[in-house]
């Protein structure tokens, strides 16, 4: 069973936070002059959860607002309650996080560190 603060979970969360910044925050800033706009809280970047699963861990963004899954709305571009330039346009920070981690050895190296910290020999 993985620890909640393992190197592996930290790697996923840090990569996810960077993708929220690059894929969501950097491409659009709320318009303070638009009464239908919103105030950016930064909570999307900070709302990450880690759960143990039968085959390891699940790391996901848990940002909600009034029972609405904000992470899914931003990821898909569907479900906004107001009109703005990214309504209907996905900003796939979760998918981009998965793609980056699949295409690198970051998770493998993090898991090696976790196993070594448990006293398990790895190459």
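Using the three backbone atoms N, Cα and C, a Cβ is placed for every residue, glycine included.
It should be emphasised that the depicted structure is a prediction, and the values quoted were computed from it without experimental measurement.
Copied over from TrEMBL:
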type	residues	note
REGION	1-44	region 'Disordered'
COMPBIAS	1-12	compositional bias 'Polar residues'
REGION	82-108	region 'Disordered'
COMPBIAS	96-108	compositional bias 'Basic and acidic residues'
Could you count the residues of the compositional bias 'Basic and acidic residues' (96-108) that DSSP puts in helix, in strand and in coil?
10 helix, 0 strand, 3 coil
For the region 'Disordered' (1-44), residues assigned helix / strand / coil by DSSP:
21 helix, 0 strand, 23 coil
